Amino acid sequence: VQATVVGFLAAVAAVILGWIPEGKYRFDHSVLLCSSSVATAFIASLLQGVIMVGVIVGSKKTGINPDNVATPIAASFGDLITLAILAWISQGLYTCLETYYYVSPLVGAFFLALTPMGIVIAAKHPATRTVLHSGWEPVITAMIISSIGGLILDTTVSDPNLVGIVVYTPVINGIGGNLVAIQASRISTYLHLHSIPGELPEEAKGCYYPCRTYCGTGVNNKSAQVLLLLVIPGHLIFLYTIHLMKSGHTSLTPIFIAVYLFAALLQVFTLLWIADWMVHHFWKKGKDPDSFSIPYLTALGDLLGTALLAIGFHFLWLIGDRDGDVGD
């Protein structure tokens, strides 16, 4: 239900944001975008839900902590499944646009019509009923935050000298989002095991600052340290993979690698610090941190990653790192 509604709202936002700067509007293209978005959100969320149940059950049976497996799979497979389905549906609807113009409105209307049925089914179960009433704020706010990151990216790629950022944005945002989602899920599980909603453990009380997040000896502190250490090797693998594929900034100069890794480290450092505060904040308010904090954190990851990468590319351009193959 939430995926369908947010998919529709995201499509409407995309139509508005595309119309304002260009001043052009086509109703048939808007309907196609909304229909593709709604259908993709419905199908992708359904498939991902089935996959997540299988992953969690399998993790339990093999003795693996689901927090270390389910969360990154949800984030990465979610993007992969969503993009694949969106490409397939939108291509099919675009093919029918001229000859069978009524197909797009029918597809959108069909999936929107399923929303009331989903609401009725979700309202019958206590756990989903709670999410149905209180889970809208984080996902809609997260959509808005991610849209701001999209505007930054759109503004940056409009400069021909900085178009190479497109290749690296999904990498920095994907890795940062996965790492912070793992940390948020681990902290949430720890709180569920050692406390009750509305009450913080003694060691979690007080002011949250970076040193507290990274310099402690607790389980969550060590987890943050390990996740931060994974940033550099993880990004180096992707950087050289992109280099071998001859995409983006193919000349991996030392200054480029240094600026890129600094942006990635700063992004994850900030996200893990915010996650430490945010998860405990929602727990203290009696809200489920998994449902409330992860959407905010992944959206902030997109915003921070895109903004820091844009600043990094601008800095590289200013200091003269202007390879001719940037953005090829």
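Just so you know, glycine gets a Cβ as well, placed from its N, Cα and C.
No curator has checked TrEMBL annotations; they are predicted automatically.
Residues or ranges marked as domain 'SLC41A/MgtE integral membrane' in TrEMBL: 3-88 (among others).
Annotation source TrEMBL lists domain 'SLC41A/MgtE integral membrane' at 169-310 (among others).
The transmembrane segment feature in TrEMBL is assigned to 37-57 (among others).
Annotation source TrEMBL lists transmembrane segment at 69-89 (among others). Sequence-distant contacts of the transmembrane segment (69-89) (same chain, at least 6 residues past either end, Cβ-Cβ under 8 Å): 36-37, 39-41, 43-44, 47-48, 51-52, 55-56, 59, 107, 170, 174, 177-178, 181-182, 184-185, 294, 298.
Look at TrEMBL and you will find 101-123 (among others) tagged as transmembrane segment.
Annotated transmembrane segment per TrEMBL: 135-153 (among others), in sequence order.
Positions annotated as transmembrane segment by TrEMBL: 165-182 (among others).
Listed as Cβ neighbours of the transmembrane segment (226-243) (distance under 8 Å, sequence separation of 6 or more from its ends, same chain) are residues 167-168, 171-172, 175, 179, 182-183, 214, 250, 252, 257, 260-261, 264-265, 268-269, 272. The transmembrane segment annotation in TrEMBL covers 226-243 (among others).
Counting residues 6+ beyond its ends, the transmembrane segment (255-275) has Cβ neighbours under 8 Å at 168, 172, 175-176, 179-180, 183-184, 187, 208-210, 213-214, 224, 227-228, 231-232, 235-236, 239, 249, 293, 297, 300-301, 304-305, 308-309, 311-312, 315-316, 319, 321 in the same chain. TrEMBL lists 255-275 (among others) with the feature transmembrane segment.
Counting residues 6+ beyond its ends, the transmembrane segment (296-319) has Cβ neighbours under 8 Å at 75, 138, 141-143, 145-146, 148-150, 152-153, 155-156, 161-162, 164-165, 168-169, 172-173, 176-177, 180-181, 184, 255-256, 259-260, 262-264, 266-267, 270-271, 274-275, 278 in the same chain. The annotation transmembrane segment is assigned in TrEMBL to 296-319 (among others).
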